[in-house]
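Taken verbatim from TrEMBL:
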type     : residues  : note
TRANSMEM : B:6-26    : transmembrane segment
TRANSMEM : B:33-50   : transmembrane segment
TRANSMEM : B:91-114  : transmembrane segment
TRANSMEM : B:189-211 : transmembrane segment
TRANSMEM : B:231-250 : transmembrane segment
TRANSMEM : B:271-292 : transmembrane segment
TRANSMEM : B:316-334 : transmembrane segment
TRANSMEM : B:341-363 : transmembrane segment
TRANSMEM : B:383-406 : transmembrane segment
TRANSMEM : B:418-437 : transmembrane segment
TRANSMEM : B:457-474 : transmembrane segment
TRANSMEM : B:581-601 : transmembrane segment
Amino acid sequence: MLVLDALRVRYGPLEALHGVSLTFAQGEVTAVLGRNGAGKSTLLRAVAGYLRASSGRIHWQGSDITRAPVRRRADAGVMLIPDEGGVFRTLTVRENLDLFAAGRELTPALDAFPDLRTLSRRRVTLLSGGEQQMLALSRALLAPWRLLLVDELSHGLAPVLATRLYDVLAALAAAHPDRAVVLAEPDPREALALADRVHVLRRGELAATGSPADFDPATL
Amino acid sequence: MFYAGLALNGLAIGCVAALAAVGLLATYRVTGVFNIAFGSNAVFCAYVMWQCVRVWHLPLAVAALLVLGIVAPGVGLVLERFVYRPLRRSGASGLLVATLGVLVLQLGLVFLLWGGRSYVDAPSLLPAGSVRLPGSLTLPYATIVELCVVALIAVLLTFLLRATRVGLMVRAVVDDRDLASALVPADRLAAGGWAFGSFLAGVAGVLWAPIYHLDPYSLTLTVLETMGVAVLARLTSLPIAVVAALAIGIGQTELTAVHPAARWQGLVDAFHTNLFVLVLFAALMVVPRLGIRDSGAAGGGLHRQGARRTSRVDHISRLPLGALSLVLALPLFFDPADLRASLAVPALAVVFVSLVVATGYAGQISLGQAGYAGLGALFMAKLAGAGVPWLLALFLGPLLVVPLGWLTGYPAIHRRGLYLALTTFATAAVVARFVFAQPVFVGALVVSRPRGFTDDHWFYALELACLLLALLLVRSLHTGPMGRALVAMRDSETAAVSAGIDVRRMKVFVFACAAGLAGLGGALTTSAAQAFNPTDFDPVQGLVWFAAVAVWGVDSALGAVVGAAALVAVDVGTVSGVSSLLIGIGAVLLGRFPGGIGAAVRRAGDWAVRPVERPLTRRLSPAGRAVARAAAARARERPVS
């Protein structure tokens, strides 16, 4: 479904991904683990089209999207929920949801996160980090996607809240077995529980691949 | 005392200002960029309009359609595609320099195409005649139309942004273009926003030109001065901007009726003709914060990352210094006319070096160096007139500017980015309008050189000595603990504070130094020309200087000297406008080549003298490896003493 072939990405003179080849299968939840600076976010941003690959190929559903702009990848069903900046901060919650839904019903998001209903007229800048993250995740509930890339969903969140967001994500993945979900996480516990397949990045290279059972959260 | 007739006249002025302010705000709302080039864009469109009607003799309606329907939005589209889109991820400073670049570029274009001539016969779109009101008052139709245009733009824009889906998408693009690009056609929306903003600039220019003279510098400056209204509205509220503009316009004409004692009349006159400048200055002092995301590092993004040569100057960087001094000495052997032209080089170089100190080393954007330069020249002339020996006055004058720089450095403590840039610009504008334009201050100046320096050779040598002095001073600011502290402040104020650097004192000190240096440069400029010429120290000139220094590498003192030489050479060797055009293009491209020409040269230099790479691991024969192992083992066994 999504095939990365010797993908290299550089920021100016520094190369962050040194030729990563990976395959993400349909209907699977894949966790990409690794420490800070391992290249997880770079990988996701390159797939979503925010970073240009300096060499290598990205194939999505059989077509080469290595040079495609963000908008074309989004139309093809690729959705990135970044660890920060996944919401429009100067707009209200309602306006954000309207933009995400693009004319569709808002109920899926409002049902999953009832808090957003009461906050609907508030500016996003005034929300807490958890509320902002809920809003960002709502995008996946409102608009159709075929490949969901989630970057550090638990970034800076209280464990209770992180668990809640992961529950929503798990339900979402279970409801659509024909789609693919990729999670990038430095903290393996939640991701291991959710994932069907695990890749570990270390210093911009693929260090290990396996099923969640192969990995012990304590040693990662 | 309130006169209704004067108030109606004031309404006309206020309307025009409101038009510019609303245009500026609207552009900010739909593009997210505070467009300093709004004024030059308006001037450019006004000149094209003049060309269409007065030279090509097109009917007024056709010309208006051509200018407002095609030229103005077209300019916006081109700028979005080639200037602002590549910069969409750069911070406030990058955008500021880009807009400055566009301003300088458009002014250069006007100078190149129309020779910078001013025209009084700009075609007017507005109907002549006026409405009679009770009490023998008249209200011109033009004012009514302008009021309607302002109201229409304000209402339409508010409705579009608040109540329509396109408006929501535009706001999303302004908020976060990366995120928006996945949801909406962001590039097309941004292009539309720029086309609209440029259209508004065109409307402002076409309506303004017949009211004021069609003149590149003064019209740009007039539009820039209405930024005070936009600042009062904190860049957010359209109604406040409209009301403030109308109020200032009315206040301006009402002041003409004030007749105090004769000795104060000059001051009152200066007040009422320059109320907008005063409001800009006062607004920047009073309004605590703009409704703008401007959290980027003060001068961040202008200098090359990793350019940290604050340690001792090594022999490699002495090489260009030697070459440069040879080149700078060359004019001593030129023929008299060329030498006369070259006199401007060291003077301008000193001013440029002052910009390097403020912006390059300390990260404080200063658009106001023209004001300090002019004051330095003025003080010198006054001192010389008062009987102080000329050579002493040449240094004493700039020294008197230092306290002023100290004083104006205080507002800089809590301001950064665009806000600081506007404040420094407003300072220069106030000085230009209230000092340089007042005959009381600039009348009867003694600026002729004394015996011994009337010969250009000797004066040029003196200028070179001054430049050397300035460079030595700058070097002492850039090396050692002082230089490190300045660079620390430039990179991160927070980190600098936590490292124990007194950032407040540092900023004020830097502004004082830069002001003194600029004053010296101004004094030299005036002495070189042997005349105090206010246009040399025009605030818009300060913008051009800033852009030029940025292009040559804002943290490179040598680059500044070369830049000054190049600027003068291009000005002398070609028609006017070419230098501005080149600087503008350079500044616009700066976002893609951070650090400018200075950094590019330094990179090339680093590459040329890079150490010859040696294999990191030496290959050893099996015997050699055995020896190495034994040596390592012995080292381990040896007890730690």
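Count begins at 1; order follows the chain as displayed.
Any Cβ shown, glycine's included, is placed from N, Cα and C.
As the structure is a computational prediction, the values presented were derived from the model and not from experiment.
Take the transmembrane segment (B:457-474) and the stretches B:91-114, B:231-250, B:341-363, B:418-437, B:581-601: counting Cβ pairs under 8 Å, B:341-363 has the most. Within the chain carrying the transmembrane segment (B:341-363), a Cβ under 8 angstroms from the stretch's Cβ atoms is held by residues 297-300, 302-303, 328, 331, 334, 369, 372-373, 456, 459-460, 463-464, 466-467, 470-471, 474, 477-478, 483, 486-487, 489-491, 506-507, 510-511, 513-518, 520-522, 524-525, 528-529, 545-546, 548-550, 552-557, 559-561, 563-565, 567-568, 572, all 6 or more beyond its ends. Most Cβ pairs under 8 Å with the transmembrane segment (B:91-114) belong to B:581-601, among the candidate stretches B:6-26, B:383-406, B:418-437, B:581-601. Sequence-distant contacts of the transmembrane segment (B:418-437), counting only residues of its own chain at least 6 positions beyond either end whose CB sits under 8 Å from a CB of the stretch, comprise 34, 92, 96, 221, 224-225, 227-228, 231, 270, 273-274, 277-278, 280-281, 284-285, 289-290, 292, 294, 298, 364-372, 374-375, 378, 408, 411-412, 534, 537-539, 542-543. Beyond its flanks by at least six residues, the transmembrane segment (B:581-601) meets 82-83, 86-87, 90, 94, 97-98, 100-109, 112, 301-305, 307, 320, 544, 547-548, 550-556, 558-559, 563, 567, 570 of its own chain at Cβ-Cβ distances under 8 Å.
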